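Scroll down for the structure; my scribbles are underneath it.
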Amino acid sequence: MKDERLGADLGSLLRSALEQSCLAAILIDENDQVIFFNGAAERLWGYKHDEAFKLNLQQLLPEFLCLHIHTDCWEDGLTGTETRHDILINQPNGKQQCLSISLSRIVISGRVYHMVFAYDASKEEDICQQNSALLAAANHTDLPILVLDQDRRIVQVNRAFTENYGYEADEIIGQDPTTIFISPLMMKDEVNAFLGLPWGKSKIQAEAKITSKDGSESWIRISSSPIKEDAPARLIGHSVDVVSDVTEERLIRNLEHDVLEALVSNLSFSDMGSYLCQRVRESAPDVIPSILLVDSEHKLRPWAASGLVAGYSEALDGVEIGENVGSCGTAAYRGEPVLVNDISTDPCWKDYRQLALSNGLQACWSFPVKRRDGIVACTFAFYFSTPRSPDIFHMRIAEACQHLCILAIELEENRRQMTRLVQFDTLTGLPNRSYLHHHVSELQTSGIESIAFIGLDIDRFKDVNSTLGYKVGDQVLLTIANRLQERLKPDEFLCRVESDFFFLVIANCDVYRATATAEYIQAIMGEPVEVAGHILNLTVSIGISHSKEGECDLETFLANAKSAIFEVKAAGGGSFKFFSPEMNQEAWQRLLLGVKLKRAITNGTFYLQYQPQMHSNGRLYGVEAMARWHDPELGEIPPEKFIRIAEETGDIEVIGRWVLREACRQKAEWQHQNIQIPRVSVNLSPYNFRNKDLPEFIASLLQEYSLTGASLTIEITENLMMRLSPETLALLQRIRTLGVGLSVDDFGTGYSCLSNLANLPVTELKIDRSFIENSLQQPRLQSLVEAVLGIGRSLDLTVVAEGVETEEQRIMLGELGCPVMQGYLFSRPISAHHLTEWFLVWEMRATRYKMDSQPDLTVSQNTKEIEQQLKKMKGQIAPRLPKLLYDVVGALPIAVSWATLPGGVIQYCNDAFYSMFDYPSGYFRMADQLIDEAYIHEHQRKLIRSHWNNFFSGDGEGTTAIPDTEIEIRTGNGEIRPVMHCGVILHEQQLAVAIFKDITEYKRDQQMLRNFAFLDPLTGLANRRGLTERWLEEHQHQVGGRRLAFLMVDLDGFKLINDTYGHDAGDQVLRVVAERLTESVREVDLVCRLGGDEFGIMMIAPNDFGIVAGICDRIVALLQQPISLGQVEVRITASIGGCFYPDQASDKHELLRRADEALLQVKKKDKGGWCWWEN
């Protein structure tokens, strides 16, 4: 009874389940009558529940299914057998419904029933139809298509794939494409990188070399797109890969790449053209390429060809371009491509047809290659041995060749232009010094017997430039160069070495010919030169250096010729002279002084002395600033000597500006000290007046030092006044507008025109010392002095007499009414410091005299007397100088303090001192307190104390400088600050003056420069220079047993990442690799980037090989982890080679080389890993 109840309950349960099922359920008895019809069935068939039970099998199902139920297809005695069908039924309302049904045969108690389950298949039918349409479209496209699953297995290919590569679908479905058709010629790391791409995850483009079923090789580009997340779950991770053939594209790309690399190599222009033609032939074997240049006369000139019969291109040499001049001549003439498919019939070839056909050429496409300005530079022709029409591949090659041709031509023209700039003078077109070296080198190897080196230097050419201007000077040089070039013989090599210095080289020239040539050149140079309305009569100084053996050192002969020229110029110029060995010593001295002069300008060995100028009534008129040069090795160099050299070397302008600045600075300093020097005179060379901004420079100095124009006088030479040009006159007038005085120096020694003097805006005349020196003995000289004084009075000019050395001369000048005198009678030229003392003594003595009496203008040169006078004046000047000194020091931006010695009691600290140390005013009382509290490092404290103690001497004299010392201080607020400390000890005053300069910014800039020099900017790692520096540091420890290991790390297949994702992605990968390498090693080790994708690791004291092995394993493991590039992940491997120092390598070079050898062993295995160097 229990089983019966259970069965009844179960039957009820199943019936209820079928009633509520979403699937239509129908039960049909053996008489084909419906005995069960659930709600889902009602909705699908469109019958109500009661109507359904009146239906039979034929009304519910199509006829073929009814027949199927009543056939013997069902196995006897087998229950539960099922068949599936998709059917289309008609509902009572006339609509059709697509159903998917399953039929089951059920036998219960010997009676046969049929169970029908069904569901709506309309959507599946739509999808099926869409898929069929898509598959049909994919199958009819000409682009090969593959579908890969998430395991990179092929699940579908289209017709185009089969037709292109020969593989039937059933041959490759389910296979890994790399095992089927990826070419074995691909590099292992390229294949690994190809496999490592995120197939099915993101869009990818990659290229690969493949092998078709017939064995042919080709390059393809795969554009892979993942099936998106809204697709059926079973398709997630699949990708649709469209394949395009890029074999021809890569051929053209490789052609461009190879030719571009050749362009930056050392290939000649001719070889470059031949290489381009050769690469075209390799890329397209059916093409016979030819390049013809078009010259300035519009004629064809052969450049290069490949495969043409010898003599063909030469037959076209010199042919003028035009209509029907073959393909090339016509293309060059028209400026557009001329594509002749059949030479035998085309009218373009009527005059050249036989030439082409006899050489087996049947078709010719010619392309004009144009410069940027549109002018045709050359033609690139494709010849063929059979008639043919253009195709896309050949046209693309032609387009690339046009671009490469113009690059090659522009590069060659740039090279030639550079050669012209390097080897030829831009003004005259003559060979320059560089080409001279080349020419003489050729002579050396040609077996000549003798060479004459003839130097030509135009006399006083600098005067032409300074008076008439550089444009006129350049025109003069051009005229002379052309004149010489026209008259000289073909074997006489003329060049312009510098400025107005020409050089003539004559091979197989004896002394007699050299003499005759020099005389001939002098005759040529004697002819007047007319330029810009000026007629110039020039002379030339000629120096000859002769070699009889044919062996020559060019620089020596140049120097020898210059030495001979210098001798000629010293004798007045306009002649020639052969070099003699005695001239070398003088030439060497001039050269040495020239070199030292340039250094003196920058290292501060120039200084100024000042000579007072006195009114006749005893008042100070002013001082003249005089440049002096003290060389540490040569001692004092006379001004007349270094001024002459400075004018020759072109340094005179720099010296003149330095003198101006220093004189103005000193004048301002005297003003601050209340030393009343009325004016300072500065003598400038005529070369200073060639610079048109001289007035602006003077104005800026007056403003910078708060001076009036009247406090400065510029002295000009009488020679400048003689060669006065309108430009120079305008410049002098601009200077005078500033209020600056203008003085004519050495007046009377030249041949200046008085009309020039009247037109000049001068304020002063200086009578040369030669007139004063002998005026007492020669009355005529005295009359000349009187005449100059009269000129001065009539033109309202102050007259200054130079060279006054005796009291008699002073009295004589006073009687003649000379207003101002200058000379040794009053004072020698002295330093600014001694001039201050001189001024104070003179001021004191001048007050002793009444203005109506004749003052004693001389000042004793006795040092003891001056010192005694100064001691007497100490009380008078003391109130004035200390205040001034405190004001000056207090305003300085650098920290200054001074303390008494011995003892070190601090007497004074300026505001900058307390600002720097950040302590309250008066906080530091003793020098020891300052050193102990503010100086951080003990070794610096000891060093500073030793400096002050060692240099101080209780009985010392003068001053002693304390050397610069870099220290670190701790300020009052705890900040650490780098400071430069120096000072001076005043022995007589027993004072120690300490000076401190904040060098924080300097140190920061220094560190920044160091980073630029020693760090890789992309990764922040050390670069090769940083590695070398660390090596030098660590190498010092090797003596004590320090051991080093070096790991060379190279990324496998990195180029493919750059090619696939771009260089920005490549840079990101390099940064991640740098981070992972740094993470892998110890803190003491150095990681560096050697360049590209190559890194290095210097391990410090790796005494256990296990440490090294562990780090190598860690690097390999870390680098194998995927690297995210936004939506893409890439994988990379590394090859590592290592070596020990000093165990296996004796120096750094050998260490890196052997580590690299070990790395190559890993590379040969085509997989990442590491290897250690072994003998």
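Glycine too: its Cβ is placed from the backbone N, Cα and C atoms.
Here is what TrEMBL records for this protein:
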DOMAIN    10-51  domain 'PAS'
DOMAIN    130-184  domain 'PAS'
DOMAIN    204-258  domain 'PAC'
DOMAIN    449-581  domain 'GGDEF'
DOMAIN    590-843  domain 'EAL'
DOMAIN    1042-1175  domain 'GGDEF'
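Mapped onto DSSP helix, strand and coil, the domain 'PAS' (130-184) counts 26 helix, 9 strand, 20 coil. Secondary structure counts, DSSP: the domain 'PAS' (10-51) has 21 helix, 10 strand, 11 coil.
On the 0 to 100 pLDDT scale, the domain 'GGDEF' (449-581) averages 85 in the predicted structure.
For the domain 'GGDEF' (1042-1175), DSSP puts the residue distribution at 59 helix, 41 strand, 34 coil. Counting residues per DSSP class in helix, strand and coil order gives 15 helix, 25 strand, 15 coil for the domain 'PAC' (204-258).
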